[in-house]
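These features come from Swiss-Prot:
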type: ACT_SITE; residues: His37; note: active site, proton donor
type: BINDING; residues: 30-37, 149-152, Ile178, 186-189; note: ATP binding site
type: BINDING; residues: Gln61, Gln155; note: (R)-pantoate binding site
type: BINDING; residues: Gln61; note: beta-alanine binding site
Amino acid sequence: MITTSAISTIREHVKTWRSKGETVAFVPTMGNLHQGHITLVNEAKKRADHVVVSIFVNPMQFSANEDLDGYPRTLIQDSDKLMAAGTEILFTPTPEIIYPKGLAQQTYIEVPEIGDELCGASRPGHFRGVATIVAKLFNIVQPDIALFGRKDFQQLMIIKTMVEDLSMPIDVIGVETIREQSGLAMSSRNGYLTIEEKHSAATLKQALDSIVNAIQRGEATQQAITTAKKLLITAGFTPDYLEVRNANTLRQVTAADSELVVIGAAYLGKARLIDNVSFSRHSS
């Protein structure tokens, strides 16, 4: 595995692969890798001739009161995991390489509407930072496909929208969420949970499932959400939001929509956990 922080090195390798008619898959990450990330790499290997992974803790997507400085940086362990998984190039740029003019002078990309709702409402500017870094990494790596976990469902939809709106020749693929045995979605931020909190954390998935089951039984959506919030509060969570949206657009649900997603975020101790469950309005 080649590890580099140089944009020119990435481009040289991609140019060589392209000259042979070979395809490139890209998995962007912020490091502190878990099995969910490795699943993305494994899926990338199935879909393309070459796999590039990036590790970059992106300062643009953190607000002033968030955990940029405390975000876990585990490059040695991450590198070992990626090498074992068969990654060919690991791209590890510094903020100075990505944002040479500094954040204040950086051109940015903003996806309207869906970038301002849900997690975007709780974390102003977050998805502007996400869209900007992903667009920049796409320009550097120039992949045929890029893979993202469906756990970050809103992020996935925003990136798909950006790629479509800007006519980027990249196939964005969402990969199913990898979960702990308890049902808790794997996340780098699970490391913020105490042992006791980790036992309670699976309640978020249970709350989302309860909304799905209630809607499929014909119950009112708002009542299902209210009941689920009570379940979270009892388990020690502070709910941020729980909502049901169109699973294909992330827009508000209309009577005609059948493919839905229940999406939520809640605080547990020092961690802000997110999760989602896609479902059909009427159970089969």
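Positions of Cβ are set from backbone N, Cα and C atoms, glycine also.
What Swiss-Prot annotates, mapped onto the structure for a quick look.
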{"residue": "Met30", "record": "ATP binding site", "Cβ contacts under 8 Å, 6 or more apart": "Ile55, Phe56, Val57, Asn58, Tyr71, Ser188"}
{"residue": "Leu33", "record": "ATP binding site", "Cβ contacts under 8 Å, 6 or more apart": "Thr74, Gln77, Asp78, Lys81, Leu82, Ser188"}
{"residue": "Gly36", "record": "ATP binding site", "Cβ contacts under 8 Å, 6 or more apart": "Gly149, Lys151, Thr177, Ile178, Ala185, Met186, Ser187"}
{"residue": "His37", "record": "active site, proton donor", "Cβ contacts under 8 Å, 6 or more apart": "Val27, Thr29, Lys81, Gly149"}
{"residue": "Gln61", "record": "(R)-pantoate binding site", "Cβ contacts under 8 Å, 6 or more apart": "Gly125, His126, Phe127, Arg128, Gly129, Val130, Ile133"}
{"residue": "Arg150", "record": "ATP binding site", "Cβ contacts under 8 Å, 6 or more apart": "Leu156, Gly174, Val175, Glu176, Thr177, Asn276, Ser278"}
{"residue": "Gln155", "record": "(R)-pantoate binding site", "Cβ contacts under 8 Å, 6 or more apart": "Phe127, Val130, Phe148"}
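When secondary structure is read from DSSP and collapsed to three states, Gln155 ((R)-pantoate binding site) falls in the helix class. Its Cβ placed at the centre, Ser188 (ATP binding site) has 17 other Cβ atoms within 10 Å. Every protein chain considered, the tally of other Cβ atoms within 10 Å of the Cβ of Ile178 (ATP binding site) stands at 18.
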